[in-house]
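Swiss-Prot lists HIS450 with the feature active site, for 3-hydroxyacyl-CoA dehydrogenase activity, giving sequence analysis as the kind of evidence. Per Swiss-Prot, the feature substrate binding site maps to ASP296, ASN500, TYR660. Residues or ranges marked as NAD(+) binding site by Swiss-Prot: MET324, ASP343, VAL400, VAL401, GLU402, LYS407, SER429, ASN453. According to Swiss-Prot, the region 'Enoyl-CoA hydratase/isomerase' annotation covers 1-189. The annotation region '3-hydroxyacyl-CoA dehydrogenase' is assigned in Swiss-Prot to 311-729 on the grounds of sequence analysis. Positions annotated as region 'Disordered' by Swiss-Prot: 708-729. The annotation site 'Important for catalytic activity' is assigned in Swiss-Prot to GLU119, GLU139 on the grounds of sequence analysis.
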Amino acid sequence: MLYKGDTLYLDWLEDGIAELVFDTPGSVNKLDTATVASLGEAIGVLEQQSDLKGLLLRSNKAAFIVGADITEFLSLFLVPEEQLSQWLHFANSVFNRLEDLPVPTIAAVNGYALGGGCECVLATDYRLATPDLRIGLPETKLGIMPGFGGSVRMPRMLGADSALEIIAAGKDVGADQALKIGLVDGVVKAEKLVEGAIAILRQAINGDLDWKAKRQPKLEPLKLSKIEAAMSFTIAKGMVAQTAGKHYPAPITAVKTIEAAARFGREEALNLENKSFVPLAHTNEARALVGIFLNDQYVKGKAKKLTKDVETPKQAAVLGAGIMGGGIAYQSAWKGVPVVMKDINDKSLTLGMTEAAKLLNKQLERGKIDGLKLAGVISTIHPTLDYAGFDRVDVVVEAVVENPKVKKAVLAETEQKVRPDTVLASNTSTIPISELANALERPENFCGMHFFNPVHRMPLVEIIRGEKSSDETIAKVVAWASKMGKTPIVVNDCPGFFVNRVLFPYFAGFSQLLRDGAGFRKIDKVMEKQFGWPMGPAYLLDVVGIDTAHHAQAVMAAGFPQRMQKDYRDAIDALFDANRFGQKNGLGFWRYKEDSKGKPKKEEDVVVDDLLAKVSQPKRDFSEEEIIARMMIPMVNEVVRCLEEGIIATPAEADMALVYGLGFPPFHGGAFRWLDTLGSAKYLDMAQQYQHLGPLYEVPEGLRNKARHNEPYYPPVEPARPVGDLKTA
């Protein structure tokens, strides 16, 4: 053994060839600060070996290196700029020394090589991969850019266009694509990986492969003519500006850095990467996006722990076909759980099956499946007008009309047709689960399962625990949602549960702004362009359905009369009374016509202004700051109340539900991350300016306490002390 660290070791393999093996305790290899330091020590040992002829890098895990240790990021981002820059210089000196070894090097890459893992293998001369490879640089999705030389080496290896596509979009690619663009040199079966890598090393050692020529382009300026450079970088900057926008600075910074570094050799190019990385790491956007990643891991880990002792349902059923039922049936069948889809009429069943077939055909068009797979999946969805097969199902989700009487009748009837241990769930969006449970003989086997539309796209499923729902019931439904590829978040029961309960105060803020003379077009523009929502409130209401919102608004008002009961006729009432229900009937705040792809496209409709004038004060101008404050304060206050009342368990789960269920702007990180970034004292000052607008603007006592003591909702993070000898940087 030449060297043994906590996460890697170095040993002779054969005949002057050494192997450096990543072997972190636990299930995956991560390139954390300690591993980078350990890698530097191992390379120091290699530099002393006079009889070294070649080096093989490999992993003892199912994946090569999944990336940097993102749990370190938040504390690393608090390190002062100069110190963080120094540490990056140190880390890059380690990869440079790997790249500069006086012998050929190869990485045998299996499974994932992402982020720092990808940057590590870019420093070797050759890369041999297995068919399950996923390799790429996802850093821009976390609000940063590659910091271990990825923005320098990848463009010089692949050419500017291919590298920009991966780096700016935070993409990863599979084995075939990696081979095609030159990111790996070969693909072999897993059992041949080490043998194949040694064979390539031997060819390089014997002079059959010119490893020095392979290495040289990575040390030099990027070989691009002025015209080629202008075309590549201008197109890339235009596309990034269009897709990422001003709220996500990392992609455009990465492109500009690669452009600026193109004319320099490795050392100066790495200095430019360093100078760009450090300011990005100190942005609120980076902290928010890393926070989302960590919250996502927390939520998924919680679901895994919750379901460890239950069996995932093997057969499911959906009550109520149509678009929603068809979407749920498709998602279940697509992920391998056969489903019976029941309705009371053929027309709805046909609609449900058509929806499932349409979604599968899209997968076929994209080349994700072939005709055989399509037929196989669709054959596991069984449409029926009766309860045939219900005695075999493990879980049933009801997705009928949002009417408590109808839902109770359907659930009570279904309970008599299934096994005593079958779990029932309701896909209600607002009706309390404990109220629906009153119709059942086995309320302990019942809970809520709130999907979001469109089911195949929206990652969140709210799992609602009723007063009598058993732990096993919750666990089984969480297991099914996870199997469907969804992110399940368990919430306690109340009108609207969590997501809709906090959404309707936001809509109330919108209604009050309209009542006071604000224009809906400006509100939408501000909430989309300035705050960052994917849709403004008017457009969102059109998509949700004005009739749906009108009904839900009444349910929420009955549930929370003190805050949500309004004493005036609002815009939602005016449009509802005029039979303007949004996209579903082509008339809402906008008029809708189908484009060439059959998607609804919004157009101006002056009739709306006349309708709104009847429920509004004369038009007046509002600042962007006031619009954002008046829209967001009611929502954030309600989010805080939900945490204080135990409707949602943690800030992490609340923020993920908002991001995954409502599209809360990821660069803000969710309501609690936004609160922490703003500071609760500053938020309190802002909210107090609008207290005269009513109870929705009154800040909950718990948040007032946070403001008094300057306490954040997320645990405070201490700056990291990166491992590594900064003197060698």
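Quick reminder: no glycine exception, Cβ is built from N, Cα and C everywhere.
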Worksheet item: In Å, rounded, how far does the Cα of MET324 (NAD(+) binding site) sit from the Cα of ASN500 (substrate binding site)?
Response: 17
Item to complete: Measuring Cα to Cα, tell me the gap between TYR660 (substrate binding site) and GLU119 (site 'Important for catalytic activity') in whole angstrom.
Response: 30
Discussion item. If you measure from the CA of ASN500 (substrate binding site) out to 10 Å, which recorded positions from the list GLU119, GLU139, ASP343, VAL400, VAL401, GLU402 are inside that radius?
Written reply: none
Worksheet entry | Most Cβ neighbours inside 10 Å, all chains, among the binding-site residues MET324, VAL400, VAL401 | VAL400
Worksheet item: For GLU119 (site 'Important for catalytic activity') and ASP343 (NAD(+) binding site), what Cα-Cα distance in Å is obtained after rounding to a whole number?
Response: 54
Worksheet item: Helix, strand or coil at GLU402 (NAD(+) binding site), per DSSP?
Response: coil
Worksheet, complete the sentence: Mean per-residue pLDDT in the region '3-hydroxyacyl-CoA dehydrogenase' (311-729) works out to 95
Worksheet item: If you draw a 10 Å sphere around the Cβ of SER429 (NAD(+) binding site), how many other Cβ atoms fall inside it, taking every protein chain shown into account?
Response: 22
Response to the item:
ASP296, ASN500, TYR660 bind substrate per the record; greatest CA separation between any two, in Å, is 21
Item to complete: Out of the binding-site residues VAL400, SER429, ASN453, give me the one sitting nearest to ASP296 (substrate binding site) by CA distance.
Response: ASN453
Fill in: Residues near GLU139 (site 'Important for catalytic activity') in space but at least six apart in sequence (CB under 8 A)
GLY115, MET145, PRO146, GLY147, GLY150, ILE167, GLY170, ALA250, ALA254
Item to complete: May I ask for the distance between VAL401 (NAD(+) binding site) and HIS450 (active site, for 3-hydroxyacyl-CoA dehydrogenase activity), taken between their Cα atoms and rounded to an integer number of Å?
Response: 13
Worksheet item: When DSSP states are folded down to helix, strand and coil, where does MET324 (NAD(+) binding site) land?
Response: helix
Discussion item. I'd like the Cβ neighbour count for TYR660 (substrate binding site), meaning other Cβ atoms within 10 Å of its Cβ, all protein chains included.
Written reply: 25
